Amino acid sequence: MKLRIKAYAKVNLTLDVLSKREDGYHEILSVMQSIDLADVIEFEKAKEILFECDHERVPKGEENLIMKAFNAIRDRYFLNEGIKIKLFKNIPLAAGLAGGSADAAATIVALDKLWNLNLTEKEMEEIASEVGSDVPFCLKGGTKLASGRGEKLQDLEGIPLNLLLVKPDLEISTKEVYTEWDNSGFKSLNSTFLFVEALKKGDLLEIARNISNDLERVTSQKYRVIEDIKKSLIEKGALSASMTGSGPTVYGVFNDVEKLVRAYHDLKGVYPFVAISKTIDKGLEIL
């Protein structure tokens, strides 16, 4: 039996960093949003563990969240099963788009089905939380208000948004960005509540005005290109532009599709990754 799953990326429409926890993580408040950029993963029963990927820089050990999810399930349920996994990578690495977390979420769903585990929703959420902070969101997808370290999720009614994603030639360590935040003395902008109110009204201009990311302040200080991309997107007609996650990907929100397409063509030769995307209401899709 073979299973193919689309694992969708996410953007942070807001990200408030509230405090550092005793366990080393940070308390956050964030509106997380699934987008239609996706990796595709094939899973097949096997006697041994085989992992293939069409991107040579994807790690194959425990630092790969697919393998972390695989081992978490095997260890939790004392299993000795093998698996063959093929990953077709479309979400850029270390980009703030939760590509690794989305792949891990797909792995949890796939192993549940292939190994007939009949996991409850609560069990899946526990495994997801153990694997990574963004994995619980990627398991559910859509539009969510995330709190705790990102694993506590509350449903929100989303709004269709047209986005242009731009990733400069950088790969940024999430851990390093949070360390820089801790050392910066910055306080959270606390933008999430205003954003949620705008979302409830369905007012696109107010939504765009309240898109914000605390971590952008430390990342853009170190990497000027973040501000350059934001400025360029605004000049080309975006209602707003913001970094997602710990970066370095920046997205612009457009309400004029012609301007969006023009901006895509203008920027695609300038930066290594530029993609048109839109918001969706799911994190995973079985093909």
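Residue positions begin at 1 at the first shown residue.
Just so it is clear, glycine is given a Cβ too, placed from its N, Cα and C backbone atoms.
Not measured: the values here are computed from a predicted model.
Annotated features in Swiss-Prot:
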- K10: active site (ACT_SITE)
- P92, L93, A94, A95, G96, L97, A98, G99, G100, S101, A102: ATP binding site (BINDING)
- D134: active site (ACT_SITE)
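On the structure: features taken from Swiss-Prot.
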| residue | record | DSSP (3 states) |
| --- | --- | --- |
| K10 | active site | strand |
| P92 | ATP binding site | coil |
| A98 | ATP binding site | coil |
| D134 | active site | coil |
Nonlocal residues around P92 (ATP binding site), in sequence order (Cβ under 8 Å, 6 or more apart): G99, K167, T249, F273
Env. residues of ATP site, Cβ within 8 Å of mean position of P92, L93, A94, A95, G96, L97, A98, G99, G100, S101, A102 Cβ: A9, I91, G245
Protein Cβ atoms within 10 Å of A102 (ATP binding site), excluding its own: 31
Packing count at A94 (ATP binding site) (other Cβ atoms within 10 Å of its Cβ): 19
Pairwise CA distance, D134 (active site) versus G96 (ATP binding site), rounded so that it is a whole Å: 10
